[in-house]
Every structure is written in C-alpha cells, then in structure tokens.
Amino acid sequence: MTSKNSSKDKAVGVVGMGSFGTAIANILSEKSKVIAFVRRAEVMDEINQNHTVDGVSINPEIIATQDPEMIAGACNTIFFMVPSTAFQEVIRQFSPFLYPYHLLIHGTKGLCLNLPTGKTLSDTGKISRENILTMSEVIMKETVVVRIGCLAGPNLAKELYQGQPAATVVASKYNEVILEGQRLLRTDKFQVYGNSDIVGVELSGVLKNIIAIAAGALAGLGLGENAKGLLISRGMVEMIYLGNALGGSLKSFIGLAGIGDLVTTCNSTLSRNYTVGYRLAKGETLDNIMNTMEEVAEGVNTVKLMKTFVEGKGTRAPITENLYKVLFEDLKIEEALQYLMKYPFSVDVDFL
Ligand SMILES: NC(=O)c1ccc[n+]([C@@H]2O[C@H](COP(=O)([O-])OP(=O)(O)OC[C@H]3O[C@@H](n4cnc5c(N)ncnc54)[C@H](O)[C@@H]3O)[C@@H](O)[C@H]2O)c1
Ligand SMILES: O=P(O)(O)OC[C@H](O)CO
C-alpha cells in the first residue's frame, strides 16, 4: 500500500500522554518528530510551554495538540496509548481523518465489550467471543485502516522513561507494520521483536494483568517465592487456555509479550495491577483502591469480562473465577487461596 508521503520524513503521532504514552513518545523522539494528542488543554500547554507532563521532563522536540485532524494529516504512523475504557471514543474522534495509508499501533492492554446498543454485561449475563474486542479489532471496526499493529511486552513505563534496558514486541499481520515499528522504536536500550499473531500478543498483555493482581495479593499476604512460582506457572496455563479460546496462538504466550511480561508484572510494585492485589490483601476495599489510584489498572475489568466469558463457554478458569469472587463478591483472599490449593490440577504441562 502506498503512503501519501514517505513515512521516513514524517512526524509520528502519539495519542494519550499518560505513563506509557509519555515513555513511548520519549523513545520515538530520539529518531522522529513526535506530535502528541492530549485530552486536556492544560496538558497541551504544559507540554508545549514547559516540556513536561505532570512535572516530569520530556524531550522538548515533542509537541502537543488537541486536534485529531492535525495529527492524522501530519503523521502516517500513529501510536494509540489510551486505556481500553477510552479507546473506542478516541478512535471515533480520529476515524473521520484516517485513510488506508495510515498505520496504527496501539499499546493498550485491555479489552472492549461489544454488545448491542443499550445492553450491559448484567443484561446479557453470558458473553461469547463476538462480544469481546481486542483493540486491533476496535480499530478495524471503527476505521478504514488495515495496517494495524500492537505493542506489548515487559514495559513498565517508569523503567522505560528512566532509559533502563528493555524489549518489546510489535505484532501485526503486516510485515511492513513490524518493520516500521522496529525502525521507529529500536534504540540501543530498546530492542523490538516482531510477531505476526497480533491477537495472541494483544491477549498476552491483557491476560497477564489477571495473574498480576493475584501475585500482588500473594505478596500482600506475606507469602513467599514458592507460592509466586506456583501462581506464575499455573497462571501461564490459564492464560494459554483463555488465549486459545479467544483466538491467540500458544507461541505468543510463551514469548516476550506473554511469559516475559507476566514475570515482570508479577514482581513489580511499579505495576498498577500488582498494586491492586497487594492493597486488597492489606484489607482495602476495591472501591477505595480504584478511587485513589491515579492510573488505570486494566486487569480489574478483564477479570469481569473473562469470568463472564468462561461461564458462557462452559469451561473453567480457576484463578480468574476466584479472583472475580474476591474483587466483586465477598470472598476473602485466604479462602480463594485455600480453594485453589484444593483444586484438582493434576497434569503439569498439558498445552504442548
Ligand atoms: N504504564 C505502564 O507501565 C504500561 C505499560 C504497557 C502498557 N500499558 C497500557 O497502556 C494503556 C495506558 O496506560 P497508562 O499507564 O499510560 O495509563 P495512564 O492512566 O497513565 O494514562 C492514560 C492516558 O490516557 C488519556 N486519556 C484517557 N481518556 C482519554 C480520551 N478520551 N482522550 C484522550 N486521552 C485520554 C489520559 O488523559 C491519560 O493521559 C493501558 O492499557 C495500559 O495497560 C501501560
Ligand atoms: O502497571 P500495569 O499493571 O498496567 O503493568 C504495566 C505493563 O503492562 C508492564 O508491562
């Protein structure tokens, strides 16, 4: 597909300057002019006048706008870095200005519910695969863009911002998207791998958040590394089963975006999902945690969607189901743990 102008000379767009968007914009700005789309005028002014976001310095070459048409006109490649709750709304803002020559890569580790207008999850009770959209599927549904990619991997925003070494996966059905992601993002501190299984890579990033909440809860209870090893390995099995049921390939789950991100997120107090579990185990209510967290923890909504999905399918996902009861019903974490310890798992690796 031919581009309007050569991508090499064009600015790169970043939509959403939260923790992850800011970290990725800084990396991109090492090689390209970056134009950031922000929701609030005061954030735009802060970026354009002070070259900071929430007081944190960014590359002064990054400029900000609130105009989707301006970004779509100036950039062939745009990175969407907003939470799943805002994704559809933001894509719809951009949609009138997007053309088939655009190339979109998203970094969102969440899912959208796709129900008939006016219906909610509590109305339907059960959901199936067609009621769940990954963000690449949202882009396909809402725009004329075909060259779509996602960015996933062990990428804690704060560590990226600090310039610590890391790697990511750009996944797309189109090799040119992978090559363009590598060209734009690769630095001597940031390695970029490619993967053609975009849904598997998206789901890896989405599903590891469930296990990260559980890992935080184990830490909050003061349990040791044996318990964490148990959770990570059984969590991996659950991710693979859920991921296969949703259309992802096993190979992606055992790659950087799967096991790589799972290990990182289950071990870091920088992870919001881990933090949710930790604070729950320390006795805080979910409402209190969500009301006092400034940043998004995608895993909470993912637990709800996945629990409803497995019910609809008539299969089991014991960690997800028990976590649902802890988050949204009154099950104590200790009781959930007891239940899982008695669960008749018997075969170690049964997915290969
Ligand atoms: N923070 C990380 O370490 C990290 C790493 C990898 C992936 N992610 C994923 O990236 C996504 C974003 O996470 P984050 O950490 O940057 O979240 P965040 O809460 O720090 O920031 C979200 C940003 O989206 C913006 N936003 C929300 N609604 C918007 C709208 N309607 N229009 C424009 N902007 C809007 C907010 O203003 C904010 O700047 C999540 O899906 C997360 O799972 C985060
Ligand atoms: O802060 P979290 O829990 O959303 O995790 C951040 C990233 O997904 C780590 O790769």
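Glycine too: its Cβ is placed from the backbone N, Cα and C atoms.
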Same-site residue for sn-glycerol 3-phosphate (record: TrEMBL; known: Lys109, Gly153, Asp261, Ser271, Arg272, Asn273; options: Lys208, Lys313, Lys325, Lys332): Lys208
NADPH site partner of Ser19, Phe20, Arg39, Arg40, Lys109, Arg272, Val296, Glu298 (as recorded in TrEMBL), chosen from Ala157, Ala217, Ala219, Ala227: Ala157
Segment confidence, the domain 'Glycerol-3-phosphate dehydrogenase NAD-dependent C-terminal' (197-337), expressed as mean pLDDT: 96
Among Gly21, Gly153, the most crowded of the binding-site residues [Cβ within 10 Å]: Gly153
Subset of binding-site residues (Met17, Ala157, Lys208, Ser271, Arg272) lying within 10 A of Lys109 (NADPH binding site), CA to CA, in sequence order: Lys208
Lowest local Cβ density among Met17, Ala157, which the record lists as binding-site residues, within 10 Å: Ala157
Counts by DSSP class (helix H/G/I, strand E/B, coil) across the domain 'Glycerol-3-phosphate dehydrogenase NAD-dependent C-terminal' (197-337): 106 helix, 0 strand, 35 coil
Of the binding-site residues listed as Phe20, Gly21, Lys208, the one whose CA lies nearest the CA of Glu298 (NADPH binding site): Lys208
